[in-house]
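Database features (Swiss-Prot):
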{"type": "BINDING", "residues": "G166, A167, S168, S191, I232", "note": "NADP(+) binding site"}
Amino acid sequence: MTAHIISGTAVAKQVKANIAEQIQAYTAQDKRKPGLAVILVGMDPASQVYVNSKRKSCAEIGIESKSYDLPAETGEAELLAIIEQLNHDDSVDGILVQLPLPKQIDATKVTEAIVPHKDVDGFHPYNVGRLCQKIPTLRSCTPYGVMKLLESTGVNLAGLHAVVVGASNIVGRPMAMELLLAGCTVTITHSRTKDLAYHVSQADIVVAGVGKPNFVKGEWIKPGAIVIDVGINRVEGKLIGDVEYSAAEAKASFITPVPGGVGPMTVAMLMQNTLQAYQVHLQAV
């Protein structure tokens with residue numbers, strides 16, 4: 001068996017085309033464009049790449065992107081003051097603060113400072129809590145993107161056993177909640193999980209997000225499983241995932257590549273969240 005490749009690039013293109021169409025319909029009615037404020041603190045090269053990708057997507061689909069590039073020595077109070085100003089700016093529907101932040105800034109405090117209806121990253125405890133209570137509004141972009149990729153396979157997820165490798169706040173935990181919402185039986189594994197290979201071998205769906213290259217071995221994969229690789233690791237100038245790709249591809253029914261899998265979907269779902277926040281904002285005016 002050789003797995004079908006789930007192209008995040010292709011699915012993201014469809015999502016963004018649909019968003020662009022909806023924005024054009026609003027602007028044709030003399031409505032303003034959606035607005036997204038993107039805040040970058042410092043000059044971390046990876047963060048710059050991610051931020052530029054988000055700004056480029058905004059330009060492509062008709063979202064007004066407002067850039068705030070701040071020096072690495074920016075203080076917490078200064079950043080919080082900018083967020084407070086954006087919270088009250090009616091031309092801004094979404095606020096994104098690129099993580100990680102410099103050590104002098106408390107990321108939790110910053111995340112919680114963004115009003116929940118402008119939290120297009122889906123990190124605010126209010127939005128995470130709504131997902132846990134089965135009433136999601138703005139959803140965490142990477143897990144939301146993974147669900148769109150799973151949807152694109154046409155496989156009915158209800159009743160399948162999903163194993164999430166990694167329990168981070170950004171991927172693992174909200175990912176488990178998304179899969180639970182889709183009717184999966186979910187196992188979350190983490191750094192203290194015993195016999196990880198066994199747990200992975202029982203999975204109909206494996207979602208790997210630990211940030212360790214080739215961490216999930218191909219031999220662990222159950223024949224016919226769906227493998228979603230969230231990891232992006234740079235090794236000897238190449239981008240590789242958390243899953244041992246070639247060996248896993250030989251056993252899986254569907255698999256995402258790295259690059260070109262989950263990455264493009266994270267940005268696409270950020271755009272989707274911004275559109276959603278904009279639509280709510282328009283209804284409230």
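Each position is counted from 1, following the chain as shown.
Glycine too: its Cβ is placed from the backbone N, Cα and C atoms.
Residue environment of G166 (NADP(+) binding site) contains 25 other Cβ atoms, counted within 10 Å of its Cβ in all protein chains. Non-local contacts of S168 (NADP(+) binding site) by the CB criterion (under 8 A, 6+ apart in sequence, same chain) comprise G209. For A167 (NADP(+) binding site), applying a Cβ distance below 8 Å and a minimum sequence separation of six or more within one chain yields R173, I188, T189, H190. Residues G166, A167, S168, S191, I232 are the ones the record ties to NADP(+), and the longest Cα gap between any two of them is 18 Å.
Around the Cβ of I232 (NADP(+) binding site), the same chain contributes L239, G241, V258, P259, G263, each under 8 angstroms and 6 or more positions distant in sequence.
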